[in-house]
Amino acid sequence: MLGERGLTISLLFLFLLLISGANSIRRYFIDNECPGDSLWLGSVPAIGLLDFELPTGTLTIINADDHWRGRFYFRMHCAAHDRSGGFANFTCLTGDCRSNVMSCEGRDPAPPATAVVFEYQTNTGNIDPNNYSYYVDLVHGFNVPAVVAPLSGGQGQCQLAGCPADINKSCPTELQAYLDLFAKATRAGRRSGVTARATPRRPGGLLRGPVRRPRRLPALGSGELVQGACPLAHTWQYDDDRAIYSCAGADFNITLCPSS
């Protein structure tokens, strides 16, 4: 029950909403059920001036202009590290946006990072308000289980999407990402098969991707592995329509670690 859990309500508005006041509001409910440390939200483009902490066991409500389109991602195992001159360098083990501060200010994350994407399909260059699509994107790797579900009142497919499973537990060694961020090697997440095959492992850092490749499934069986574990997630960049759903006029609930 929500009454038994902490409730964090953050009212964050896009700049377009602030200056126009004419558009409707769409709400995104982010329910962090992941045990342990807080997660930290990132968004591209940025919503509001600051990204913010998602403590475990809390529900955060984001209000945005209903014309907003972009993606949320989630930074894990974050901490501020003292540097010379008293400056604290804020870094995260996965999903780090390399801003060195708590706010990502619209920056992309370093892979691996689970992303929840919302976008309008366009009709002759114009936004089609009846075709608002959403999906959980694992093309750039995986760091946290996430599912997204439209709330009542939407029109379209309006079904559950995402990956509730923690596929880190079954991740092959060759696809694991390691970082030495906290002075020890830690398994941090699952890289995409595209990135893992294209670039040799570099100690102390995550690999970037994806890279160009023929239109075929990734090697090492990684495509089948992730698709089998997460059939409702978008796992390969060339499957343009796979696990991408549309639902117009709805608010959305995003649950992190739903099976924890």
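Note that Cβ sites are derived from N, Cα and C of the backbone, with glycine treated the same way.
In TrEMBL, annotation is done automatically, which means it is predicted and not curated.
Among Cys158, Cys163, Cys171, Cys230, the one TrEMBL lists as the disulfide partner of Cys247 is Cys158.
Here the candidates are Cys92, Cys104, and TrEMBL names Cys104 as the disulfide partner of Cys97. Partner cysteine of Cys92, as given in TrEMBL, is Cys78 (from among Cys34, Cys78, disulfide bond). According to TrEMBL, Cys163 forms a disulfide bond with Cys230, chosen from Cys171, Cys230. When the candidates Cys34, Cys171 are compared with TrEMBL, only one is recorded as disulfide-bonded to Cys257, and it is Cys34. All protein chains included, Cys78 (disulfide bond) registers 19 other Cβ atoms within 10 Å of its own Cβ. In sequence order, the disulfide-bonded residues near Cys163 (disulfide bond) (Cα within 10 Å of its Cα) are Cys257, drawn from Cys78, Cys104, Cys257.
Nearest to Cys230 (disulfide bond) in space, judged by Cα atoms and limited to the disulfide-bonded residues Cys92, Cys97, Cys257, is Cys257.
Cα of Cys257 (disulfide bond) to Cα of Cys247 (disulfide bond): a span of 23 Å.
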